[in-house]
Amino acid sequence: MASDLETKSSQADVKDATVINDTETAMTHDVQTEGETAYATPPKGYRIFGNIVIPAYRSPIVQCVIIACVHLLVVGMFNVLSGLGGGGQVNPTTSNNANTILYSLFCFFALTAGSVVNFLGPKITLAMGGVGYSLLSASYWSYNHNSNDGFVYFGGAMCGIAAAFLWTAEGALIMSLPMEKDKGKYISIFYGISFFGTVIGAIIPTVENWGVTTAGSANDATYIALFILMLCGSVVACCISNPSRVIRNDGSRVFIPRNTTFMQELKNIVVVVKKEPWIILFFPYSFAGLWYIPYQSNDFNAYFFDLRTRAFGSLWFDFGQFVMAVLMGMLLDWKAVGNRRRRAFIGWTVLFVLLNAVFIGGVFPARRSHRGVTPPGGLLDVDQKSRAAGYITLFVFYGCVDGAWQAFAWWIAGCLSNDPLVLSIYAAFYKVFGAMGAAIVFNLDVREISYQAMFGSYWGLLAGSMLFILVLIYKRVEDSTALITEAAVPVEKIVPVDE
């Protein structure tokens, strides 16, 4: 197991490294080699007015913002679509089947997506992701006219493959760009921009479908707008700089994995688990990470509300995600409350209390929901304030739990290593097990498992997995993390900044 080395600064994190030798296999990626300059002068920003300075294009903060904008336009608009319940359709069966395909392929490809990301580079990989996601929106647009299940399933398949590559690239970059002390801040920026964009995007279906006070299906304009925005995400991805040219504020370079083969990727996964066996405690937390989607979207939102209230509630759900992702990231980097290890325990406590409080409130509507039976009193409409307010508020707090959950996951993973290749594998673990859980739970929804069982499995998985992550924090989260350099074979040098 790679040992954590205490460091006095982020520079020491790069200079001091533990070399891991393995007789069976070795992890191949870019590392700093002897004689190579480890530091460079950080790029200067642009002074626009008085003391207001815009960070340089190749600064980590600007690259984080660009990546967040890609996520906003691609994954954010996918979340808008999912938040409508059933992909915006009256009957969620086709959507559930498509999502089962989507997350099954996501799970399969995410585990080895690093080899594709390393070969193509993050720019091309993220651009391809936008195209894959947009096909799903296009398929629902088509479904409004011809009820073609096959095209929706194809769109789900393409979206699943694209998601595997996109999330792997994003995860590795977001955890590798910042200095160790800034990881929480960067996660806040990433999810803050992403979720805020989702809030803005949710205005589209709300406005377009405001006159629909029945269960209904989303109109063409909703799908067309989301389709265009997803493609715009591919364009924005082309603005990302080569990570090897990005210089942190302390002058250290951003290290990136390069040209890992498919077989080497599989070997790297084995090495990571052998050297850090405690990472298996992260798997249950990851598995539960996407379990919420069918219950919240189909079994709660689509069950209790008419179409316009589904869209309206999704807007505020996304706002809850935005607020809690930002607050959780800020809390986890708030040095006034203690060192990093203490902040990890505080963050865990906040999340554990929040999710259990919200789910206690969720028991009451869950007991009143039954498949094939109209909600007592009929579908809720946003104008029925006395009836709908409590349900909408609960839905917003479900979003708060999800935002805090995602931010906490990335921060914990970032605490376990500073090595980009290791981090990319941790990111893959999080999405692979999350996708595995999502594929299973969407299939359960297709099989029409009772709403009470869906709710119980959702609550039980989240609360139970929190106990595993608590042990991981106790065993492995320290006040500082040394850069692990697993390299027992010759590797390529990092591309110089001035090339």
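Going from the start of the chain as shown, residues are counted 1 onward.
Each Cβ is built from the backbone N, Cα and C atoms, and glycine gets one as well.
Under the heading transmembrane segment, TrEMBL lists 61-81, 101-119, 126-144, 150-174, 186-204, 224-243, 277-295, 315-332, 344-364, 388-413, 425-444, 456-474.
Contact between the transmembrane segment (150-174) and the transmembrane segment (425-444) is supported: at least 3 Cβ pairs lie under 8 Å, counting only residues 6 or more apart in sequence. In this chain, the transmembrane segment (61-81) lies out of contact with the transmembrane segment (388-413); the count of Cβ pairs under 8 Å, excluding pairs fewer than 6 apart in sequence, is fewer than 3. By the Cβ criterion (distance under 8 Å, sequence gap of 6 or more), the transmembrane segment (344-364) is not counted as touching the transmembrane segment (101-119), fewer than 3 such pairs being found.
Long-range contacts of the transmembrane segment (186-204) within its own chain (CB-CB distance under 8 A, at least 6 residues past either end) are made by residues 60-61, 64-65, 67-69, 71-73, 75-77, 79-80, 83, 174, 177-178, 221-222, 225-226, 229, 311, 314-315, 318-319, 321-322, 325-326, 328-330, 332-333, 403, 406-407, 410-411, 414.
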